[in-house]
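The feature Zn(2+) binding site is assigned by Swiss-Prot to C16, C18, C36, C39, with sequence analysis given as support.
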Amino acid sequence: MKKDIHPDYKVCTVTCACGNSFETKSNVETLKIDICSSCHPFFTGEQKLVDAAGRVEKFKAKYNMAK
């Protein structure tokens, strides 16, 4: 491989909007993100269920398609 053509690979501090921070390696020193595994609903178990049946009923009522 050629020398001096690759960017520097250094320790990167990743900071989330929720306040959580962790370190990884990257070519930048700091990285700010909006959501991480500490605050994402999938990882925290705070998922909300979508009520698809209610949406269908609302559509039918709106366009008078109910029987």
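Numbers here mean position along the shown chain, with the first residue as 1.
In case you wondered, yes, glycine gets a Cβ from its N, Cα and C as well.
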Same chain, |i - j| six or more, Cβ under 8 Å of C39 (Zn(2+) binding site); the result in sequence order is C16, A17, C18, N20
Out of the binding-site residues C16, C18, C36, the residue with the smallest number of other Cβ atoms within 10 Å is C18
